[in-house]
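Trainee: Would you mind keeping the following structure in view while I ask a few things?
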Amino acid sequence: MEKTLSIIKPDAVKKGVIGKILDRFESNGLRIAAMKKVQLSKEQAENFYAVHKERPFFKDLVEFMISGPVVVSILEGEGAVLKNRDLMGATNPKEAKAGTIRADFAESIDANAVHGSDSLENAKIEIEFFFKPNEIC
């Protein structure tokens, strides 16, 4: 069974839409195999988004991700990576299809409500970043 990582970002946590977002996952066949609410440190955010270190938005992304708590979860199901990405919608909420998480809950391309792994390989890396094996069930 495929697994993917999801992060409900600070903007969506602050808006109080955690339950609505989790319901989208579950009602579309994704099981929550693990979940926790965390306040990322600057170092954690920098390490998690290290792939973007040379990009002009890196500093703002890190600052945003540490601006409040996030909800990190492992979603499990058939085609979990692609299913989650379809549910999230385009990175820019203005381009996201109606009914997607970002179209419904995101504020901007920066405060875009959710993160999801973009491949099985990255899902494995991202899951290991946040979860110990005994936390996944």
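In case you wondered, yes, glycine gets a Cβ from its N, Cα and C as well.
Okay, so Swiss-Prot annotates it like this:
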- K9, F57, R85, T91, R102, N112: ATP binding site (BINDING)
- H115: active site, pros-phosphohistidine intermediate (ACT_SITE)
Trainee: Just jot down the residues in the same chain as H115 (active site, pros-phosphohistidine intermediate), at least 6 apart in sequence, with C-beta under 8 A of its C-beta; none if empty.
Mentor: L5, S6, I7, K9
Trainee: Go through T91, N112, our binding-site residues, and report the one whose Cβ sees the most other Cβ atoms within 10 Å.
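Mentor: Max Cβ neighbours within 10 Å, all protein chains included: N112.
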Trainee: Within 10 angstroms of the C-beta of F57 (ATP binding site), what count of other C-beta atoms is obtained when all protein chains are considered?
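Mentor: A count of 12.
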Trainee: For K9, R85, R102, listed as binding-site residues, tell me which one has the smallest number of other Cβ atoms within 10 Å.
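Mentor: Comparing Cβ neighbours within 10 Å for the binding-site residues K9, R85, R102, R85 has the fewest.
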Trainee: With the ATP site defined by the record as K9, F57, R85, T91, R102, N112, how many Å span the farthest pair of C-alpha atoms?
Mentor: 21
